[in-house]
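**Student:** Relevant sequence annotations retrieved from Swiss-Prot are reproduced here:
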{"type": "CARBOHYD", "residues": "Asn25", "note": "N-linked glycosylation site"}
{"type": "TRANSMEM", "residues": "50-70", "note": "transmembrane segment"}
{"type": "TOPO_DOM", "residues": "71-91", "note": "topological domain 'Cytoplasmic'"}
{"type": "TRANSMEM", "residues": "92-112", "note": "transmembrane segment"}
{"type": "REGION", "residues": "117-227", "note": "region 'VTT domain'"}
{"type": "TRANSMEM", "residues": "124-144", "note": "transmembrane segment"}
{"type": "TOPO_DOM", "residues": "145-192", "note": "topological domain 'Cytoplasmic'"}
{"type": "TRANSMEM", "residues": "193-213", "note": "transmembrane segment"}
{"type": "TRANSMEM", "residues": "241-261", "note": "transmembrane segment"}
{"type": "TOPO_DOM", "residues": "262-349", "note": "topological domain 'Cytoplasmic'"}
Amino acid sequence: MPRLHSASEPPATGFFARVRNELGNRTEGLHQINNQALDWYRSQSQIRQILIQIGGVVAIVIGVLVLIFHKYLIELLVIISDDWAKLPGGRLILFLLVFFVGFPPLIGYSALSLLAGMVYGFPYGWPLLASASVSGSFVAFLVFRYFLRSQGERLVNSNEKFRAFAEILREDSSLFLLVLIRLCPLPYSLSNGALAAIPELSAWVYLGASVITSPKMLIHLFVGHKIKEFGDAKTDTSTKIIDVISILVTGAAASLTTFIIYRKMQQKLHHNRAGANYDAFVFGNFDDLESGTNVELNSADFDQDNFIITDDELEEEEPNGSHTATATQVQVARRNCSKAMTICTLMFV
């Protein structure tokens with residue numbers, strides 16, 4: 001006779017089971033994102049829906065043109081990078097562009113980083129890119145911390161990743177933890193404003209984490225430098241193949257590293273949430289107690305066998321004046337008794 005599946009049985013822990021669960025979670029996540037996107041689109045006005053459709057068509061056309069004319073596009077980028085290198089004040093212009101793109105909701109950080117690699121090479125463009133990025137991020141952090149705090153809080157609430165990392169940083173705002181978060185694949189400018197809304201996070205810790213993680217910009221510089229070499233007509237075919245392989249390997253290694261770090265952070269977040277729920281189960285949740293009420297229990301709240309006095313016992317004994325416990329004290333005492341019984345039960349399970 002076949003054995004029926006029990007809900008109490010532990011889930012499968014094999015490799016294929018983990019892969020299946022991971023694929024199921026990813027599929028469910030994509031389905032939720034699709035539903036959210038559809039709901040957001042349907043909530044827009046008719047004019048905005050038309051504009052969104054036009055923008056989608058334009059994006060598709062641009063993507064097709066890039067695939068067809070990518071060779072000419074790369075050659076154009078090479079020409080622009082050569083002219084930029086000869087431009088008076090070119091370093092200052094690129095510095096200011098990277099500096100201000102650190103303010104949300106501006107975009108273009110990755111493109112500017114690649115441009116720095118194409119113009120100034122690898123690793124010679126790192127001092128310019130790192131100084132502009134670190135200073136811009138720090139100034140954006142200070143602006144959103146002291147002047148645009150409400151906008152930063154909205155950024156946190158608008159993104160699930162930001163909410164998750166904010167929950168972790170409220171419990172542990174150490175430099176090491178922030179370094180791991182800065183290495184995660186988060187939107188560059190938006191993360192600067194969102195992290196500023198966490199009061200437990202020190203500005204100096206944020207600056208230190210930005211400086212420590214600045215070497216990751218070498219990846220953008222390397223890719224930009226190789227793209228320029230790939231578009232150079234003087235480069236032979238074998239060198240171009242090596243450049244393409246190096247770009248793919250570098251991108252895959254960087255993506256794998258950030259994915260591993262992100263997974264570790266997700267596991268830490270899950271562990272923290274599970275620990276909080278377990279503590280609430282064992283010790284109760286005191287959020288529902290009225291604020292400002294000081295409850296003190298004394299020996300009058302218990303009988304000679306250390307059992308909590310009930311309401312009926314109070315009604316019987318209050319006329320004699322032997323006990324003075326209030327209703328609030330009795331309620332808290334009952335709650336303490338239930339917690340004690342829960343703890344005892346867990347100790348013997």
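In case you wondered, yes, glycine gets a Cβ from its N, Cα and C as well.
Please go over these features one by one and say how buried each is and what sits next to it.
**Tutor:** The DSSP secondary structure for Asn25 (N-linked glycosylation site) is helix. The number of other Cβ atoms within 10 Å of the Cβ belonging to Asn25 (N-linked glycosylation site), over all protein chains shown, comes to 10.
Note on the topological domain 'Cytoplasmic' (71-91): mean pLDDT across this stretch is 85.
Listed as Cβ neighbours of the transmembrane segment (92-112) (distance under 8 Å, sequence separation of 6 or more from its ends, same chain) are residues 84, 119, 128-129, 131-133, 135-137, 139-140, 143-144, 151, 155, 188-190, 192-194, 220.
Cβ atoms under 8 Å from those of the transmembrane segment (193-213) belong to residues 103-104, 133-134, 137-138, 140-145, 148-149, 151-153, 155-156, 159, 162, 165-166, 169-170, 173-175, 178-179, 181-183 of the same chain, restricted to positions at least 6 beyond its ends.
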**Student:** Short question: which residues 6 or more past the ends of the topological domain 'Cytoplasmic' (71-91) have a Cβ under 8 Å from it?
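**Tutor:** For the topological domain 'Cytoplasmic' (71-91), the nonlocal Cβ contacts are 115, 118-120, 128, 227-228, 230-233.
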